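Visitor: Provided herewith is a single structure, encoded as structure tokens, for subsequent inquiry.
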């Protein structure tokens, strides 16, 4: 490999902050201003060395061509019924954004209802959330530009796809809930702020409000229905009960799976919605999560983790709501996690469980909770579902590492309740029968058994010679279940690779216990679990350190950066996407304050002691041994990322280049690429996705000397 001449970057040694008596220097704090000329010059100088490096990777062209070819397969969502019509999303293959179609019947001709591709030339305007009125005649839809979390809500009459004049701004992390009379909709907005709000600003998001918009009026006339002036971090999302009588308000403070639950009986508002609603505080603490499923009169069914870390179903009668009076409808499973529940055909409940990171789907009786049927599923994930209380049918979508998607339809009016394949998609050019997926359980440092999926070509020799791509996340109660990824399958097929996904602690794979095992004081467990996954792959002969790439995004970017700092000898290549790198300051920007439930906050002395031990920015050091250098590193971020603001990766790369990159023994590249008109990832246009994965895998191939296999 070659040694690099990195840009000269100014270090402000006077930028020192006192944390509980510890003086911490932050020499690149000036990079926190995204609009300064200095920051723009830094980004330009970094991109100037990174872009040519990526473009000169011998396989980039081959990879991009193959990705474009194989990703060109049809992508469907489940059909869903609204009013008298059916709707579904469909992407012909390489469209930048998926398109919403409408049909008068399942067999009827499909017409375009909403095509986000017409809203920008480069595909960077994306649909972010939508909600149909109860009768299906109107749809509200959110649009986001350049990947920002900020949303503009517009409205359309479905008949004739006619756009209305109503426009809602200042919207972010919002609910969209119509009242059943179709007159208007609840949504969330933030107060006006100084300066811009286009996703390139870093100002913090506080004081979210719940508003009600009456169709056909100006946003300035919208009605304030709930606010929490004493609790700036609270966010309250509304939904309507199935019968339309109750507004349920779910209040969250951070990312923990806990919420308060207030409700308003609209029958107690004789003049309609005219101001702050008469909220009844059913649950007024953050000691559990309460997810509304359905109700019969005043008896409400909730999915909860209160005293049940794997979740259960309970009934609460609003006329007799004491906790001692709650009834268990479906008890907690000792091992499997209840992920979601839906009520359908008025008397059935569909329950989706996670069993050892694989989904199972069941039908239960709503009155008794009894199991009626288990739907047959291969090993994989349920990634789509539709079917509401008044529907008599359900659709569900299955995917796995080797199957792009099968949509099933089940008519619940039929005696035998047999699902049929409604749509199945195949990808030309990758024959699933050539590959195999195995799930293993490896021991972590403390002996905990961690699940990991491994995908590879059948019949490979486990001689340590294969390039491997290890992915992890490990946070926020999010489970990483099997999914179909063309870009990773190309790595397996054309780069002779082994794909591994480690289901480390911090995620939700085994309920709230698994989540709590990888947060706050236990965060190091995530890093240990991931490093032990790498050691397992090496020990079993799948790969060797010099052939191993680790990858993660967001909280997973934090994961791989920390692992590079802690064990630079264990990996050949690290790709960190939109990572959280400055653990002492993350809470000060946009929505970062919500993550303190997983990470803690440096304002607290005890939390500071945890964070300073692993914060990627504060733990970069040149390895002592002469024969150990940092792995090749590529950090990816974007100018409109207002979730993990793009100051994290620039500060981290500047630190890496300064402390490590100037050493004679550091021949592996330490690079960053900052994309423009892009954000944290949601709604990213297909064209940008293809460029990004081509960069990633070209970087891996160049750094690890991997040849292309035709």
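Note: Cβ is positioned from N, Cα and C throughout, glycine not excepted.
Sequence annotations record features per position, and here Swiss-Prot assigns N-acetylmethionine to 1. Annotation comment: Swiss-Prot describes 157 as N6-acetyllysine, evidence class similarity to another entry. Summarising the annotation, Swiss-Prot assigns active site, charge relay system to 554, 641, 680.
Provide an account of the burial state, proximal residues and distances for the features listed.
Guide: Here the Cβ of residue 157 (N6-acetyllysine) has 14 other Cβ atoms within 10 Å, regardless of which shown protein chain they belong to.
Its Cβ taken as reference, residue 554 (active site, charge relay system) is surrounded by 22 other Cβ atoms within 10 Å in the chains shown.
All protein chains shown were included, and the count of other CB atoms within 10 Å of the CB of residue 641 (active site, charge relay system) stands at 29.
According to DSSP, residue 680 (active site, charge relay system) is assigned to coil rather than to any helix or strand. Within the same chain, residues at least six positions away from residue 680 (active site, charge relay system) with a Cβ under 8 Å of its Cβ are 147, 149, 554, 578, 638, 641, 642, 643, 644.
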